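Visitor: Quick paste from Swiss-Prot:
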- 1-33: topological domain 'Extracellular' (TOPO_DOM)
- 11: N-linked glycosylation site (CARBOHYD)
- 34-54: transmembrane segment (TRANSMEM)
- 55-62: topological domain 'Cytoplasmic' (TOPO_DOM)
- 63-83: transmembrane segment (TRANSMEM)
- 84-107: topological domain 'Extracellular' (TOPO_DOM)
- 105-197: disulfide bond (DISULFID)
- 108-128: transmembrane segment (TRANSMEM)
- 129-147: topological domain 'Cytoplasmic' (TOPO_DOM)
- 148-168: transmembrane segment (TRANSMEM)
- 169-203: topological domain 'Extracellular' (TOPO_DOM)
- 204-224: transmembrane segment (TRANSMEM)
- 225-244: topological domain 'Cytoplasmic' (TOPO_DOM)
- 245-265: transmembrane segment (TRANSMEM)
- 266-280: topological domain 'Extracellular' (TOPO_DOM)
- 281-301: transmembrane segment (TRANSMEM)
- 302-323: topological domain 'Cytoplasmic' (TOPO_DOM)
């Protein structure tokens, strides 16, 4: 059974210990059977749903367009994110393994944040795509060429990897003033960084990384939707407004699904608020696990091209010359 790391004496610091203790949802490790199957089901359904989206887009040349390319990247980020979460989640559920080596913890942290920021970046790119398609329909093909999309993809890759690869090295050499006990069932950067001493110089860079992605992206996304709303107000035909709005429905739902739990987590993450650890941890699970599960359903239902091709693939093919 895992034990708490040794307490650090007041006014003293130490280097990173060889292990971290993951607390997660209190009480779950004592009765893992009832939440192991839902965890496995969430992972398998997320992988199946996003894998289907990847398969359909890759095999259909008609879907090799900007919006579908960004949807392809979104499914990649969803599969990567849910896969990065599973090792420690299933370790706690199946074996009560709350202790994780520091190196494995930092590696998991990098993958979680790389794919999380990738998802945020792709959602931003998709909002720009929708804004251009609705606000500048005549110029849309000339604005979002294959070359521009390639540059956007490179920018997303640099943003995800360039910003987050230095984090484990910074955290590994920062002085720590608190025991290495993490509040979640997986390793997150804010959870690790809060254990460092206040004067640690890497904290400023860590704050910059968080704000540059998760703080900036939702503002730009909602600015894009402000432009879309302004254009739609000038459309006289109610039917045309409805059609234009429907092209944004799946994306806007995905945006709200991703950012609302994250914003709530930021708002309740204050020691003076009477929020239980169960509530905080459950909201974290919703933020990380629900989008990969729901996004494929949203896009399959709301996007006619995706839905039609999935149904065509599922229908049995007629044999011979049967009509």
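From the backbone N, Cα and C atoms, a Cβ is placed for every residue, glycine too.
Walk me through where these features lie, including what they touch and how far apart they are.
Guide: The average pLDDT the prediction assigns to the topological domain 'Extracellular' (1-33) is 62.
Long-range contacts of the transmembrane segment (34-54) within its own chain (CB-CB distance under 8 A, at least 6 residues past either end) are made by residues 28, 71-72, 75-76, 78-79, 82-83, 86, 89-90, 93-94, 289, 292-293, 295-297, 299-300, 306, 310.
Neighbour count (other Cβ atoms within 10 Å of the Cβ, all protein chains): 26 for residue 105 (disulfide bond).
Distant neighbours of the topological domain 'Cytoplasmic' (129-147): 66-67, 70, 224-225, 227-228, 231-232, 244, 247-248, 251; these residues of the same chain sit at least 6 beyond its ends, with a Cβ under 8 Å from one of its Cβ atoms.
Residues 127, 130-131, 134-135, 252 of the same chain sit 6 or more residues outside the topological domain 'Cytoplasmic' (225-244) yet have a Cβ under 8 Å from a Cβ within it.
If one looks beyond the transmembrane segment (245-265) by at least 6 residues along the same chain, the residues whose Cβ comes under 8 Å of a Cβ in the stretch are 74, 119-120, 123, 126-127, 130, 133-134, 214, 218, 221, 225, 228, 232, 280, 283-284, 286-287, 290-291, 294-295, 298-299, 301-303.
Remote same-chain partners of the transmembrane segment (281-301), defined as residues 6 or more beyond its termini with a Cβ less than 8 Å from a stretch Cβ, comprise 24-25, 42, 45-46, 49-50, 52-53, 71, 74-75, 78-79, 81-82, 85, 112, 116, 119, 183-186, 250, 253-254, 257-258, 261-262, 264-265, 268, 307, 310.
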Visitor: Do the transmembrane segment (204-224) and the transmembrane segment (63-83) come together with 3 or more C-beta pairs under 8 Å, pairs six or more apart in sequence?
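Guide: Answer no: the transmembrane segment (204-224) and the transmembrane segment (63-83) share fewer than 3 Cβ pairs below 8 Å.
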Visitor: DSSP three-state call for residue 105 (disulfide bond): helix, strand or coil?
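Guide: The three-state answer is helix.
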Visitor: Taking residues 6+ outside the transmembrane segment (148-168), which of them lie with a CB under 8 Å of any CB in it?
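Guide: Long-range Cβ neighbours of the transmembrane segment (148-168): 66, 69, 73, 106-107, 109-110, 113-115, 117-118, 121-122, 125, 189, 205-206, 209, 212-213.
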Visitor: Within 10 angstroms of the C-beta of residue 197 (disulfide bond), what count of other C-beta atoms is obtained when all protein chains are considered?
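Guide: By my count, 15.
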Visitor: What parts of the chain pack near the topological domain 'Extracellular' (84-107), using Cβ distances under 8 Å and only residues at least 6 beyond its ends?
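Guide: Same-chain contacts beyond the ends: 1-2, 16-24, 28-30, 32, 35-36, 39-40, 43, 115, 167-168, 171-172, 180, 182, 185-187, 192, 288-289.
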